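Annotated features in TrEMBL:
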type: TRANSMEM; residues: A:12-36; note: transmembrane segment
type: TRANSMEM; residues: A:43-65; note: transmembrane segment
type: TRANSMEM; residues: A:71-92; note: transmembrane segment
type: TRANSMEM; residues: A:104-121; note: transmembrane segment
type: TRANSMEM; residues: A:155-174; note: transmembrane segment
type: TRANSMEM; residues: A:203-229; note: transmembrane segment
type: TRANSMEM; residues: A:241-274; note: transmembrane segment
type: TRANSMEM; residues: A:281-302; note: transmembrane segment
Amino acid sequence: MLQSFLQNILNALQWGSFYSLIALGYCLVYGVLLLINFAHGDIFMVGAYIAFYCCMFLLGKFGVFAGLPGWMVLAVAIPLTMILTAVVGVTLERIAYRPLRRKGVNRLYVVITALMCGLILENGNLALLGASRKSFPTLVPIKVFEVFGVTVTNIKLMVIGVAILSFLLLHFIVTRTKIGMAMRAISYDRFAVPLMGIPADTVIVFTFVLGSGFAGLAGLFFAMTYPVIDPYMGALIGWKAFIAAVVGGIGSIAGAFAGGFLLGFVEIMVVAFFPSTYRDLIAFSILLLILSIRPTGLFGVARRTKI
Amino acid sequence: MKRSWLIALFCVLGLASPVRAADTVKLGFNIPLTGDIPDVGESSKNAAEMLKKKINDAGGLKVGDKTYKVEFVYEDNESKAESALSATRKLITQDGVIGMVGPQSSKQAVPAAEAANELKTPMMAPWSTNPNTTKARPYVFRGCFLDTFQGPTAAKFASEEFKAKKAAVLYDIASDYPKGLAEDFKAAFEKINGPGSVVAFETFTTKDVDFSAQLTNIAKSGAEVLFVPQYYNEVPLIVQQAKSLGFNKPVLGSDSWGSGDLMGLCGDNCKGFFFVTHYAAAGAQGKTKEFIDEYTKLYKKTPDDVAALTWDGANLMLAALQSAGPLSGDLAKDREALMKAMAGIKKFEGITGNMSYPATGDHDPIKCAVVVKIDDAGKFAFYKSVCP
């Protein structure tokens with residue numbers, strides 16, 4: 001019983017890591033632009049596909065050069081995937097969000113645009129690569145360790161480690177660096193910040209680079225853990241991660257991180273003790289309860305609407 | 001002048017047809033040569049042509065003390081329900097076939113079966129798995145086993161092959177096929193090994209990718225075999241996660257494993273596991289191997305399950321015709337005799353397994369299933385035949 005429980009905590013940590021990594025991206029963009037970037041789940045999906053092609057290329061499957069060993073492929077694929085996914089995110093910002101922002105339209109329209117961008121990414125991928133699923137190559141052979149009857153794999157430890165490191169890094173950037181300070185400043189007052197000589201567009205682009213880059217990272221590790229990828233993989237998990245970010249207190253890095261793990265824990269624990277059909281029912285009831293007690297989320301701070 | 005020609009023509013036809021009918025037996029094939037699934041039609045026709053050639057080259061089919069040539073009439077049902085219906089009527093009323101093989105998919109087989117039953121003509125549906133095809137239709141026969149049959153077969157195989165006393169099941173509760181199969185398996189396994197022998201009966205919902213909580217329960221339950229009646233996109237994830245959670249017992253699947261690109265997605269993880277299906281091309285022996293070799297030689301490709309089942313369906317019908325005794329020449333009487341002979345067939349040795357029909361109820365075959373082992377090369381190899 002205790003072993004099962006410990007095992008499920010480990011399972012939940014792994015599953016929650018993905019929610020957290022995606023929620024961090026939602027949270028960054030929302031924190032700076034007050035824009036719910038609904039395309040984020042699909043950027044995560046694109047990240048997984050980019051990771052797939054990077055790894056296939058580096059493994060030498062396309063025949064350009066003899067492949068590298070798995071560890072080295074992973075080491076090269078992480079920055080490469082993050083950079084390429086960031087390019088996708090920034091492209092979306094440049095062609096879809098920025099023109100709207102320039103025209104000064106209501107934020108609602110930008111949110112709708114984000115939704116459409118997500119659908120375009122999804123269906124574009126479907127049209128381009130087809131509906132057939134891809135099998136992600138094994139980069140690192142899975143090693144199973146058993147400690148006190150609890151099994152852990154190297155992949156699991158890696159995923160949890162990556163989530164925690166990402167959180168620490170983002171937290172550091174936002175709270176301790178100059179550009180982080182600029183991000184927070186834009187979040188407080190978008191109109192006053194340019195007057196202070198801070199290049200707002202650069203900061204916004206940087207935000208998208210960070211958010212999408214970590215979505216790409218999540219895509220890579222997700223594909224390593226669940227090695228069957230398809231164009232719809234990002235939709236549902238993206239929605240759920242968004243809810244996790246809201247429960248954590250959207251706009252707060254720590255909140256997004258905690259919200260992701262909370263959702264992961266609730267989902268795994270419900271499935272462990274109840275039929276799986278109850279999972280979303282119970283999970284979202286709990287989240288609803290949390291929101292009704294703390295409408296700003298676990299870590300959120302109430303903010304007066306600016307007129 | 002013209003009219004006398006026509007009269008003469010009719011006379012010739014009128015004289016000729018009874019003579020021809022006496023020397024040949026006609027079977028109709030109601031198959032999708034065009035439409036959504038032309039591959040299915042092509043496989044059926046290939047198998048049928050091969051069978052016809054084999055019989056006619058050997059001199060013909062001996063019924064009673066007379067030898068007949070066989071003649072196959074192919075009607076295209078365009079993979080549509082309406083066309084299948086009109087093809088059925090045409091074959092039965094115009095072409096005067098003694099029995100009909102096809103249609104293949106349930107979508108066409110269900111309406112066609114109704115027409116065939118009304119017109120009192122034996123019909124063999126080799127590939128249709130919908131229970132409605134044969135339901136309360138005495139003239140309609142099925143050539144493959146139903147989905148409901150796979151669960152008990154898998155349960156029997158698990159108990160005998162792995163000596164398993166405890167089993168676990170992981171299935172998608174939101175999808176009909178896996179749910180039905182999982183429940184059938186549970187019922188059958190508990191019948192063999194006693195109540196409570198299915199120690200973990202875990203569910204997930206379509207599109208889930210993380211099964212760690214369910215597999216943790218399964219790994220801790222002490223199950224000796226895991227039954228996963230899922231599709232090729234879920235199986236790789238389940239198998240891999242099961243291994244990661246320390247479950248190293250055999251995994252058993254259903255015929256849904258065989259469709260799609262299972263090995264492309266699963267790779268080495270699925271090697272060594274088993275699944276229940278209709279027919280396996282790799283590693284076949286005896287008559288099945290002969291069929292595969294001949295088909296491959298003729299058409300330059302490995303026969304799929306449709307080809308094999310069509311071959312068996314047509315063969316069963318002809319075998320029944322032989323046992324029905326001498327033909328009277330009266331189509332209605334002969335059709336009824338053929339129906340009775342098919343229903344009463346004791347043991348038909350087909351290439352997809354031995355078949356017979358239950359004495360009462362619908363004409364769904366009592367048939368052995370094939371258990372396939374995924375070998376080290378990633379091929380689906382014949383492992384053994386399991387009978388209910």
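Cβ coordinates are placed from backbone N, Cα and C, and glycine is handled just like the others.
Against the transmembrane segment (A:241-274), the recorded stretches A:12-36, A:71-92, A:104-121, A:155-174 differ in Cβ pairs under 8 Å, and the greatest number is found for A:12-36. With Cβ pairs under 8 Å as the measure, the transmembrane segment (A:104-121) is packed most heavily against A:12-36, out of A:12-36, A:43-65, A:281-302.
Distant neighbours of the transmembrane segment (A:71-92): 39, 43, 46-47, 50-51, 54-55, 58-59, 117, 121, 139-140, 205, 208-217, 219-220; these residues of the same chain sit at least 6 beyond its ends, with a Cβ under 8 Å from one of its Cβ atoms. Sequence-distant contacts of the transmembrane segment (A:43-65) (same chain, six or more residues past either end, CB-CB distance under 8 Å): 22, 25, 72-74, 76-77, 80-81, 84-85, 88-89, 92, 121-122, 125, 129, 134, 136-137, 139, 211-212, 215-220, 222-223, 229, 231-235, 237-238. Stretch with the most C-beta contacts under 8 angstroms to the transmembrane segment (A:12-36), considering only A:155-174, A:203-229, A:281-302: A:203-229. Residues 243, 246-252, 254-255, 258-259, 262-263, 266-267, 270, 274 of the same chain sit 6 or more residues outside the transmembrane segment (A:281-302) yet have a Cβ under 8 Å from a Cβ within it.
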